[in-house]
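Participant: Below are the structure tokens for one structure; questions will follow.
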Amino acid sequence: MDSKKRSHSTGGEAENMESQESKAKRKPLQKHQFSKSNVVQKEEKDKTEGEEKGAEGLQEVVRQSRLRTAPSVLEFRFNKQRVRLISQDCHLQDQSQAFVYWMSRDQRVQDNWAFLYAQRLALKQKLPLHVCFCLAPCFLGATIRHYDFMLRGLEEVAEECEKLCIPFHLLLGLPKDVLPAFVQTHGIGGIVTDFSPLLHHTQWVKDVQDALPRQVPFVQVDAHNIVPCWVASDKQEYGARTIRHKIHDRLPHFLTEFPPVICHPYTSNVQAEPVDWNGCRAGLQVDRSVKEVSWAKPGTASGLTMLQSFIAERLPYFGSDRNNPNKDALSNLSPWFHFGQVSVQRAILEVQKHRSRYPDSVTNFVEEAVVRRELADNFCFYNKNYDKLEGAYDWAQTTLRLHAKDKRPHLYSLEQLESGKTHDPLWNAAQMQTVKEGKMHGFLRMYWAKKILEWTRSPEEALEFAIYLNDRFQLDGWDPNGYVGCMWSICGIHDQGWAEREIFGKIRYMNYAGCKRKFDVAEFERKISPAD
């Protein structure tokens, strides 16, 4: 799809790119630290101006950085290792009328490698580019909290696409039911989509592939991870210690600035129909009892505002206070990362500028936002039982089953857990924070899930309840990080065996007394009062 002539193979340029990169000399990278050559260095003046002007200043600095990188993606050396072929055919047909970027996980225009690759193909072939998003009226157990955040972000995407002369199409229905028909009706010559390791998304991709005409090339670009999932490792990694060096070794090749998505010069006769956003919300078949939250405003612009506030106000304390739920030291970027409204790569590019001032904070943020996040994608990509006890290591399955019949000190129903009606005021406060705010402090997520193991009838039920509650209330639900968080807490994924005890077996144990040694538990309990 990226050939100079439409009759040529779409894989040729990718093969050339890989060949050149395999011969390139890699510069050594110190552990937990980026070399100066791995990013386009920003002038100190830009950094200062961005800090002084706040979020608007950051957005302008970012825009200028893209323009300095390349006039467009056509003049940018695109790393084809980000791309993998889904279809069998890789030749573009002569009668092709346009390209499509099927947006799914990465719901933003700029800083989006999948969008950029789609525009690159369209510019090379001098064809129009369309963006399609497939909106199902219901999705698993998603609530209006999730849909509202997503739709308001997509509304911003649609507005930006219009300014760039790229039609945005909101297709109502499952991808297999609406996207192939759009392709056939409008003579689409090729499709680019983004990447998710989760089963529902991989099934959508397969269903679309099966329904597409065989002659339509279909490729996938990992626009979510800095190091593409299939490049970072070709197998399920045991833990952070085994994947960390693989990611850091590859960062010099992948942690680059982005070129801009530009105003597309080739217009289409197929215009996008105006989207009735209010009508879309009204037609959703979702639970509306889990309300929207006020602290997180959807969209890329608001996400960059949150990034700027993190850098200016909380990054200095992230290294020392990130595990204290009473301290405001976290990035709070998880919802924007989950919906792809802000690129993790963009966040790292901006945060790492401050390494000299806050080395510990930057190192720890990179560990969490890059290594741990990409480890979660790795687990879900290579382990299809990522949300089941069967996905755990053999030692963990064995120890949990040996202790499955151990007497529980308390047993709670799903309804009691959901409403925060347990004997544990810290657990109740953590649950109510999730219900009210759509988020839970990272340290408490571990304690919260481990107590569910202790208070339910079996490890299978504990995992089921934890995932249900996480996905129902967290703004970043249905995410690899959420599944891995529950699997780490309950099933020991990416962990080791510990001293054996009742119920937990060899799974790492946490308790109320341990939390009291970490932070002022009473202060947190006072801040988050249980529901009436």
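Using N, Cα and C of the backbone, Cβ positions are placed for all residues, glycine too.
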Participant: Ranges 368-376, 467-475, 503-511: which does Swiss-Prot label region 'Interaction with DNA'?
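Facilitator: My reading of Swiss-Prot: the region 'Interaction with DNA' range is 368-376.
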Participant: So which residues does the region 'Interaction with DNA' (368-376) touch in its own chain, when a touch means Cβ under 8 Å and the partner is 6 or more beyond its ends?
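Facilitator: Residues 225-227, 229, 232, 237, 239-240, 243-244, 247-248, 251, 322, 331, 333, 337, 344, 347-348, 442, 479-481, 483-484, 494 contact the region 'Interaction with DNA' (368-376) from elsewhere in the chain.
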Participant: Suppose we draw a 10 Å sphere around the Cβ of LEU469 (FAD binding site). How many other Cβ atoms does it contain, all chains included?
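Facilitator: Looking across every protein chain shown, the total is 22.
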Participant: Reported in the order helix, strand, coil, what are the DSSP residue counts of the region 'Interaction with DNA' (368-376)?
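Facilitator: So the counts come to 9 helix, 0 strand, 0 coil.
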Participant: Inside 10 Å of the Cβ of ASN470 (FAD binding site), count up the other Cβ atoms and send me the figure.
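Facilitator: I count 23 other Cβ atoms within 10 Å of it.
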Participant: From the Cα of ARG322 (DNA binding site) across to the Cα of LEU469 (FAD binding site), what is the distance in angstrom?
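Facilitator: A Cα-Cα distance of 23 Å.
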Participant: Starting from the FAD site formed by TYR468, LEU469, ASN470, give every other residue of that chain whose CB sits within 8 Å of the mean position of their CB atoms, in sequence order.
Facilitator: PHE465, ALA466, ILE467, ASP471, ARG472, PHE473, GLN474, GLY477, CYS486
Participant: Within its own chain, what residues at least 6 apart in sequence put their Cβ under 8 Å from the Cβ of TYR468 (FAD binding site), listed in sequence order?
Facilitator: GLY141, LEU414
Participant: For the region 'Interaction with DNA' (368-376), what's the model's average pLDDT?
Facilitator: 99
